[in-house]
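Enquirer: Attaching a single structure in structure tokens format; questions to follow.
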Amino acid sequence: MTFTTLALFIAALVMIKKDYKTESTCWLAGFLFSTGLGSFSVMLEENYFVTQLSKESMNLIHFINAILSTTSHYMAPYCILLYSISCSDIIKNNKKMIYGILFIPVILSFIYLPIKSNYLRTPEEVVHHIRILSTWSVPYLFTAVYLIIYSYNKEKSRLMKRYKSLNLVIILPCIIYLILFNFIFRDFGIDNNWKAFAILIPIHFLTFLYFANRYGVLGVRLKVDRYKFAFDNVIEFISDSFIILDEKLNIIEVNKTFLNSFCVSNKVYKNFYDIIEKSSIRKYKKELLDVIEQSKKCSKVLEILVNIENRNNYFEIQVNAVKIKDEYFGSVLLFKDITEHKKNLELIKQNQIQLIEKERLLSLSQLIGGVAHNLKTPLMSVSGGIEIIKKDAEKIYEYIKSNNSETDEVKKAINEIREWQFRSNEYLIYMTDIINAIKGQLREVNEVENDFSIEEIINRILLLMSFEIQKKKCKINKKININQRKKIRGDINSLIQVLNNLITNAIEASPEGNEVNLGVYEEDKNVIFYVKNFGKEIPTNIQKKLFQQMVTTKGKNGTGLGLYIAKSLVKGRLNGEIYFYSNNIETSFFVKIPLMKEDEEQHG
């Protein structure tokens, strides 16, 4: 019995030292300590040296035995019941009051039942005493058994289920032993069976040490402390996917969010390799293993792109090592869905680009508009001056001619003046046309954002371009592959200006009588307009500069400003983009603009 007593006291002390903050551990330690007192009381009575004591000393031993035995019989059922209640967590409120009510039978037993050593009682008195005690002790113990099993069955966490299964292996046999050998058998006068306790407890103590050292049990882990159980307190509140691994990459815990997010079947996976191979992130296995290894020194973050149900999702994986006193015990991988965050960042970026393009368009409009205005006045003055020079030269020529003073030199000078006047007028007209064209391209119109259908934009473009099409004897082919009732939000005048410019360029680049295609189709929630001609390829040196500089293939008949401005209009006022494709067979310009969402159309 000495080893049994020491084992019970040591187990109780170890549990209190390791996990005194946990309520269930304290009650279990109380149960072990109470049974230890009972074991110690038996050890006192049955020790050989005790029989050598005097009568007075023996009376003292009997009294101590009675106190210890009574405390053990009364407190052990109470402590194990409260342990089971705490483990099952069935009582949320008024715990202290309920614990107080459950303590009433203990108090009444101390008050009304005589405190007397069983060694001084007759067999009939022992049976009578045990039967009275069993009226509340046995129900307490059976309730404890039920609640411990209930706590195990309701547990969803694999980690805690394993922990509680080990508790079952160690605790339930002890409780059942108490019920049978300490109460029920003794109720029928079958005594001394409780002495098997001396054999059972050492076996359980060794089992306790083994499982506590290897897995952690009864609130104790002699090697690893309590870090694993801390996870269970927080996993219920984690909405993101996560995996908890041990140092050998065995899976300790994985939540359903991970299984659902990465298309993993709901079954038990033993290690990290198994679950990754069955998931939609298998292609990132090497990267994940690398960051797990790197996280042993410091926390690491990995960003991945996963296609889930034909939709791209971005995840940020935070990998943290679990360490205690610089010893590595495993890793926690938290998978945070940052898809919406990425979309918001992209939206902010697009809005910034759109704002920059608007500012660039406004600045360009104001700058070139001012330059055009300032140039037009002196050009008109120069034109007037040249006209005066021509008239004066004609007058001088007529005067010389009337005085019969005409010579070849005079004729030659007058002809040169006429020729230069004609050339100067051509240059001035060309410069005036360019200025007017620039002012036309950059006319400052108040941007009006509204909703318009694809059908509306196509009809207006064809109406506005009808004269140009007839003039160039060109044919426009409509290639509409979209529901024309779908709507776009933006500045319709800007889109008309851009598409008119593209069609004009296409007509001018096509041989007379050729065809130009005007098409529309939908792609990834965007509407794409395109203008295709079958003229010559745009030279490579010009292609590199399109949309970036004012370049043209039309020579003196073009300014190159149309496409330069088109990019700013499409980006700044329509939140879209413009691009092109050109080879020796055809050239196509594309304008991509976001379509309105269905709910926006309904509310619009």
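Cβ coordinates are placed from backbone N, Cα and C, and glycine is handled just like the others.
Owing to the predicted nature of the structure, the values given are computational and were not obtained by experimental measurement.
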Enquirer: For the record in TrEMBL, which of the ranges 6-24, 25-43 is the transmembrane segment one?
Expert: 25-43
Enquirer: Count the CB pairs under 8 A between the transmembrane segment (165-184) and each of 25-43, 63-85, 97-115, 135-153, then give me the winner.
Expert: 135-153
Enquirer: For the domain 'Histidine kinase' (370-597), report the average pLDDT of the model, please.
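Expert: Mean model confidence (pLDDT) across the domain 'Histidine kinase' (370-597) is 78.
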